[in-house]
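Note sheet for the following structure.
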């Protein structure tokens, strides 16, 4: 059974339902029904269920599925429901029908799609001849006039959110519409195909639309930007026609025959205007007795203009010049909106009655409601001749129609000037002013709140405080890209150094001034101290001028490398916003929104004077030629004045809400030169101009080397911290403590971090994805190492010596371990855990520490294999979160910033109270921690708990924090060389190590042969605890031979062998060359040959011996990694043969054949009288140190 939204019941099912209802009149609200075999199935709205009953009797009712939200249609799908054998009356050729063939009882009928008329018995018209288009906000429909019933049909379009204006291009077959929700102009074929967005930038409320079907131009009004614009029908070559003295323009129509366009404006002074189609000869034709003039329609036959007025509730008409005005309809109208005309009838939409109505266009007669609708309508147009048809009217870009006698006019896209010939547009801007709205710019467009801009030759740069980005694009809007997308809060000031190709910006959120290359690379913090609330910044030559305003507003200057700061003006300032430098006149100009003045001074701050006063609320300021230009928030305008005297103030543009910055560019002005422009000034990274020449600099957090020209790739010591959706770095090599985003991709909810300094990998847990991942710090090489079996991995620790990683899982209450690549995964602790959180390792000591903030909060310690578990602290704990180890003083710190030794003793409170500490780490004399409540990273002296200071503030979602330093990850342990000889997992202890196998076996045989005691150096006495599977150390009296130590080799049968300590058991006499380095690497110090095939299968390192006789050769090292990595098979064989030869001079008893037994323990013990052996002979070959020692006497 399947539910659907359609409603289709057969006669049989309807009758069956009636029978069912008659038998059981208590059914609450049955909706749809289906049948299969002997059962009926139906949906019920009231019980929200699917039910069944016998189809003959109505009995045996049962609920199939309940708790459904308004179950609708239901069908049974089964081959029985579509029995074979029926006759297809339409045949194989669709009955000869061009469209639909509908079978009947005895024959068939050809039908047409909705609204299409038949041209003969079998064929339909290929298109609609006469039809009406209308919009219902979320869909666009057509009403066909070709059939008597005038049906409507939805045009299949995607993503129609709020369609308002419509028009139709008959020749191309395109429907055009505006959408005031997506702020776009779109088009598609009448059948919904070829749908595309034509214009989607710098639109706020496109309410009117008109197609010039003669020249293929698109005209539209925008009530948000108060502009009338035009473009080609595909949206290219867009230009603004009219932008002043517009106040809420609404509908627009064009008359290609006469060369005029008309539009309604229902602002403060409602009116209907006329202008040439290239914006010439603009006049107001109707301005009285208007309230909300909405829809417009042109009657080309009678030369009349019709309009609707939703306020006056009338439909009127008049001549094209506004004369002979008459009211056509003044009653029965509620709120007319859209209007169109076809032949002798007018059609209009009414918002209040939600209908389309019609009437005779000449006299008032009956008003007919033909369909429900919401928005404007249109009909196809006729064709006329155009002066633009031949060679585009001689225009290089746009050819627009004009009233006679001119006929046409050439126009250029916005920002490009028309040359003196009146036909050709310049190739680019020579002098341009760019100004930002909150959602658009005059030169190019983007989305979001645009605050401040800069220009560099062909590129436009701007900041967006909503998106927290700095972006750039070409003047024509192409090649848009974000150059700074992290670490920004409120970028209020921006300046471009086109010579050195640098971009400078101020950020009032972070209180910093930064610089970067024009592509956003090599970003550096220049100034971060003694800043309040910065306004603007502007570079000039080798100096940088800044304004900031707060409690003590002032204008400041520094070199462009951030040095040599100097306060220029600090009195009589309020909100100094705009800044501009007149290099020709050597003066600094600024706009102050608080004092309502535009002032000027010399570049050293002297000779201060007022240029323009009062100005209402100036924000952006720029210079071009002899004038200054500024944006004004209150008057919503762009104004101009003389830059020297402030005289001749005029308004260039008005009605521009949300004005922000403004920038002028003169492309004919030379850029200038400094030493950074050639070979980057000899700097490896950044070259910044300064009064004495140039200054080399490094990206944030990296120190300049001693040669004062080159930089390292990264800091030596730094913090890494996470705030759920990002990982950031704070260098401890420099004093600015600026956070730099680490470009790790696909971060969702990062909790814990750790770093492996050996491979340079960052490891992190993401609890949204329940994964553990690793990546390089440049964002490359990201891979998931653990992807299954995780719930909430709150803690993570990397053992950089053994190459293991440990993690806590709060969701599963486990502590687990795996190799760094995610293999050999094993659960270490899974009992008596209740929300384990932080975890830390001490590889050189073999310890593992973790916090648990469950019902009984505690801090515990165990060996790295999870053994010898011990509770260190379980009193006076609340939520023990962070945990860190001081590897120098061997103390642990955590919870409420408390420290103790590694045994939980000598507990000491460093800082209390602390708001809500989460994670902490340690470096040198400092303890660093993240705090959820203060949203900051703080630090304190680890010895005294004093000198508390905030490292970084205002960071949401702070989580883990670690220190990356080569000195911090030092030391070694017994697993540090070749994994201690273990095949999978090696866990170091103080004086021993343990081999372990993963919980899920892999394709490799797991060996724990060398688990246990590691012999200490003979020149010092060391005591240690034997491992569980180790026998006591044998005496080393030379009379008794070498020591015998027990080792185990794990397999499924738990076979245990007892072998001589670190020995090679080699055959006596000839032997083949089958002893490869791979086999030696597996054995890690023991190569055992036997004539039993079973051991070869068990151990993967036993091989049949020809004689079965054995000789012993002893080595003092556990691992053969040096030799096995440096010797090939032949060299290994030669080495063993040479050592056998050297040891052959030693007199030994010939042992009998030994066959190791499959027994849990089997010892090789010396027998016979004591012997005096010669001193060992030592040879070093291929990195392997071999001692030739006597072979012990083997028992018979």
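Backbone N, Cα and C define each Cβ position, glycine as well.
Per TrEMBL, the features are as follows:
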DOMAIN    89-125  domain 'EGF-like'
DOMAIN    387-426  domain 'EGF-like'
DOMAIN    675-712  domain 'EGF-like'
DOMAIN    974-1007  domain 'EGF-like'
REGION    1017-1042  region 'Disordered'
REGION    1151-1175  region 'Disordered'
REPEAT    173-215  repeat 'LDL-receptor class B'
REPEAT    216-258  repeat 'LDL-receptor class B'
REPEAT    259-302  repeat 'LDL-receptor class B'
REPEAT    303-345  repeat 'LDL-receptor class B'
REPEAT    458-500  repeat 'LDL-receptor class B'
REPEAT    501-527  repeat 'LDL-receptor class B'
REPEAT    545-585  repeat 'LDL-receptor class B'
REPEAT    586-627  repeat 'LDL-receptor class B'
REPEAT    760-802  repeat 'LDL-receptor class B'
REPEAT    803-845  repeat 'LDL-receptor class B'
REPEAT    846-889  repeat 'LDL-receptor class B'
SIGNAL    1-28  signal peptide
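Per-residue confidence over the repeat 'LDL-receptor class B' (760-802) averages 94 (mean pLDDT, predicted model). The recorded stretches the repeat 'LDL-receptor class B' (545-585) and the repeat 'LDL-receptor class B' (173-215) do not share 3+ CB pairs below 8 A when only pairs 6 or more apart in sequence are counted, and are therefore not in contact.
Below 8 angstroms of C-beta separation, residues 714, 720, 722, 727, 729, 742-754, 808-812, 818, 820-822, 825, 836-841, 843-844, 848, 850-851, 864, 883, 960, 969, 971-973, 975-976, 979-980, 986-988 of the same chain, each at least six residues beyond the ends of the repeat 'LDL-receptor class B' (760-802), sit close to that stretch. Outside the domain 'EGF-like' (675-712), and at least 6 residues removed from its termini, the chain residues within Cβ reach (under 8 Å) are 497, 499-500, 502, 514-515, 517, 522-525, 541-543, 559-561, 563-564, 718, 729-731, 733-734, 736, 738, 740.
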